[in-house]
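Colleague: Quick one: this structure, given as structure tokens, is what I'll be asking you about.
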Amino acid sequence: MKVFYDSDFKLDALKEKTIAVIGYGSQGRAQSLNMKDSGLNVVVGLRKNGASWENAKADGHNVMTIEEAAEKADIIHILIPDELQAEVYDAQIKPYLKEGKTLSFSHGFNIHYGFIVPPKGVNVVLVAPKSPGKMVRRTYEEGFGVPGLICIEIDATNNAFDIVSAMAKGIGLSRAGVIQTTFKEETETDLFGEQAVLCGGVTELIKAGFETLVEAGYAPEMAYFETCHELKLIVDLIYQKGFKNMWNDVSNTAEYGGLTRRSRIVTADSKAAMKEILKEIQDGRFTKEFVLEKQVNHAHLKAMRRLEGELQIEEVGAKLRKMCGLEKEE
């Protein structure tokens, strides 16, 4: 898989263009500021006088309504939550799409699953930093960047690569390295990673470990330190050095115990469950479920959030994070 760097990309394709960033959350703020600081012409489209309106103005942006931004821009970069994109697109963006314009995303969800169907003659691309927005902005200001992905779903103008690669360069992604992929691959792997490992799998593993120790009579504080707090140390080692060097950096006791016991935790049944989760993503079952959840105003999600906040590990963790100076007293 080819990796592109700064010397491979040029900003030329965007020199006479206007980029409208729709949304001003973590990614919207970071990407719009980085592109603006790279000399690109950026406007920000937001709900009139919404919560982000003044924030974007304070950051020096030319702020306008979503409709005004969509009409003015050559490239419309949609960075609002997945579940809101189709509705906003249909009502406020689609009427202003003309042949030769570019529709851009940082996650392929709505294009891949067909919730947004652009008209003919419009480029459809994706540029996705592989990092939270704050890191995208901080590393750019430090003179570097974070890795990213680019995709081209529709190349109506025969220069979609030049456009999306220029956006990646403007955001600072090519300073670290950019990989070209597809909307399908980006969407399905991203959802799988979130559900099976990064957000779903890890939190359930931590919770099970914490509860096992507490139920065996150990102090909740000790259980938290050993199953949650110290996880960051191990993840940082893996992130920086890989598995092999992580094992080199921990004690022999930890290495032997981990290597000989890990397959009893993540079993063949666990991998079979992962495969089923991936199938649900691939065949659209998860997407249908998520759409139905939105239709009932996220009732199930809100209930799960409430229950998660009531867990003992949350209560113990809040106290220990304050003790460690990680979380300020309210």
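Backbone N, Cα and C define each Cβ position, glycine as well.
Heads up, here are the entries from Swiss-Prot:
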type	residues	note
ACT_SITE	H107	active site
BINDING	Y24, G25, S26, Q27, R47, S52, D82, E83, L84, Q85, G133	NADP(+) binding site
BINDING	D190, E194	Mg(2+) 1 binding site
BINDING	D190, E226, E230	Mg(2+) 2 binding site
BINDING	S251	substrate binding site
DOMAIN	1-181	domain 'KARI N-terminal Rossmann'
DOMAIN	182-327	domain 'KARI C-terminal knotted'
Colleague: Which binding-site residues from the set D82, D190, E226, E230 come within 10 angstroms of the residue listed as 'active site', judged by C-alpha positions?
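Modeller: Cα within 10 Å of the residue listed as 'active site': D82, D190.
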Colleague: Could you state the CA-to-CA distance between R47 (NADP(+) binding site) and E230 (Mg(2+) 2 binding site) to the nearest Å?
Modeller: 42
Colleague: Among all chains shown, work out which of the binding-site residues D82, E194, E226, E230 has the most CB atoms within 10 A of its CB.
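Modeller: Result of the Cβ crowding comparison: D82.
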Colleague: Using DSSP, how many residues of the domain 'KARI C-terminal knotted' (182-327) fall into helix, strand and coil, respectively?
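Modeller: Going through the domain 'KARI C-terminal knotted' (182-327) residue by residue, I get 124 helix, 0 strand, 22 coil.
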Colleague: Between the residue listed as 'substrate binding site' and S26 (NADP(+) binding site), find the distance joining the two CA atoms and give it rounded to the nearest Å.
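Modeller: One finds 38 Å between the Cα atoms of these residues.
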Colleague: Looking only at Y24, G25, S26, Q27, R47, S52, D82, E83, L84, Q85, G133, which the record lists for NADP(+), tell me the maximum pairwise CA distance in angstrom.
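Modeller: So the maximum pairwise Cα distance among the NADP(+) binders is 20 Å.
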Colleague: Could you say whether, by DSSP, Y24 (NADP(+) binding site) belongs to a helix, a strand or a coil region?
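Modeller: In the DSSP reduction, Y24 (NADP(+) binding site) maps to coil.
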